[in-house]
Amino acid sequence: MKKLGKFEDLNLSSSTMRSLKRIGFEETTPIQEQTIPLSLEGHDIIGQAQTGTGKTAAFGIPLIEKVDMKDKTIQSIVIAPTRELAIQVSEELYKLGFDKHVQVLAVYGGQDISRQIRALKKKPAIIVGTPGRLLDHINRATIKLSNIHTVVLDEADEMLNMGFIEDIEAILEKIPTERQTLLFSATMPEKIRQIALRFMNEPKLVRTKAKEMTVPQIDQYFVKVEEREKFDALTRLLDFHSPELAIIFGRTKRRVDEVAEALSIRGYTAEGIHGDLTQAKRISVLRKFKEGSIDVLVATDVAARGLDISGVTHVYNFDIPQDPESYVHRIGRTGRAGKGGMAVTFVSPREMGYLRIVEETTKKKMKRMDVPTMAEAIEGQQRLVMDKLNTIIEENDLTLYKKAAEELLKEHDSEAIISAALKMLIKEPDNTPVKITQEAPLPMRRDRRSSSSKNGGRSNNRDSQRRRGDQRRNNDQKRSGNRNSQREGRSNQSRSSQGYKKSK
Ligand SMILES: Nc1ncnc2c1ncn2[C@@H]1O[C@H](COP(=O)(O)OP(=O)(O)OP(=O)(O)O)[C@@H](O)[C@H]1O
Ligand SMILES: [Mg+2]
């Protein structure tokens, strides 16, 4: 990301400066440089910046600065859409407040409420929570709002999409009005402006200057491919690109299950993640992905949004997302904290209209990419193995292997031996049959393009409204089924400390 300022210029306390140093943040990102001073002055803020540009610390640093260590009540609340985001944000706040000894607690559905109640008794200064669970605590009076001076809505766009609007309104209505309200989002649909009007006090709009909605470090491509050819195209691309860590997005849960299974059959270390898996399963899949013991994560959008996993080099949209905001969030899982990344979107010929809408919204053209040939895929694999061999030669003592090498050299010339070894090391194309149920392409859309671009890409077309309506209904069903149940429907895993990325 573009680095503009220095934290030194922001008049932060020495404890926060020490924490920043420990984390490894040296310079501010643009959104941080612009919002931190305003926030410290007490203004309400609407902050919009691209994915992966440090919005968490943009509100986190002022939150920590404003904690009064003598006050033993809850002083700030951060509302986040999902439990793993709540955990991720609370971990970042914990690190930012480490030297000041600020207590931060995450509360979210799916976790034993009595455990949370016990933790609340330890008087954390900052609570990070999902809307439903926060409301539960508020209604039980285990969270008291009377002393709260700052409220943050993180990923506001996502919370609206997930149908949390009433919960958020209910929470905001209960918090003293002489508070500061900060709202952060990667995209800024009209609904958010309405919330701002109702619940904020002359908010300052801070938008980091960017022509495009996506960060420039992400190279964006599309591949025009028939539905039935998608899977083979995917494996070719994976072989060709040899991503360090890749996320593949599918449209449905079945899709995610089938693609993950099919990839495993073909010899990739892949697992799927979506809202139907148990919490424990989601935790373990995400942990394995962060540690690199699986290198392909297949996910529905909701399962990966907002997650900050370092080292994701490639994002593949196996299915093009229906609305442009999802696209922005999906590909935003790579290219974070100034690192590079590649996003490849599969489009079936009938879905080209959607591609154009995405491009109009993000104001960025995707380059066309062809499916690599078999030879190219093998070449990609060879490059990878050659890199690995070079590293092994550079970094290891190989004396133990010398004798065997000499023996082999007596029988064959070196080229033959190395070629054989390469053949062994390379994952050769594998055509084991796999089952991928064909999905119908998204409905044709012709006339709606203009309506979508007019409102700045907000996808208020009928399709997406219907879809959101469905989502909301689902949420409501779940809600009425079990007030405390997990509505977030996502994996529950936070960024682990080793996954905490610094751009140095
Ligand atoms: N000043 C900084 N210097 C270096 N790295 C930073 C800085 N600020 C944040 N980061 C790192 O950048 C990454 C992305 O930050 P963060 O998750 O806050 O992005 P975001 O803007 O909230 O993205 P999203 O819209 O996807 O939620 C994190 O790993 C974070 O630790
Ligand atoms: Mg964020």
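Here the Cβ of each residue, glycine as well, is placed from N, Cα and C on the backbone.
The annotation compositional bias 'Basic and acidic residues' is assigned in TrEMBL to 460-490.
The annotation compositional bias 'Polar residues' is assigned in TrEMBL to 491-504.
Annotated domain 'DEAD-box RNA helicase Q' per TrEMBL: 5-33, in sequence order. Residue counts for the domain 'DEAD-box RNA helicase Q' (5-33) under DSSP, split into helix (H, G, I), strand (E, B) and coil, are 18 helix, 2 strand, 9 coil.
The annotation domain 'Helicase ATP-binding' is assigned in TrEMBL to 36-206.
The domain 'Helicase C-terminal' annotation in TrEMBL covers 217-379. Taking the domain 'Helicase C-terminal' (217-379) as a whole, pLDDT averages 91 in the prediction.
Among the features that TrEMBL reports, region 'Disordered' is placed at 432-504.
Per TrEMBL, the feature motif 'Q motif' maps to 5-33.
Remote same-chain partners of the motif 'Q motif' (5-33), defined as residues 6 or more beyond its termini with a Cβ less than 8 Å from a stretch Cβ, comprise 40, 47, 49, 53-55, 57-58, 61, 64-65, 95-100, 206, 208-209, 500, 502, 504.
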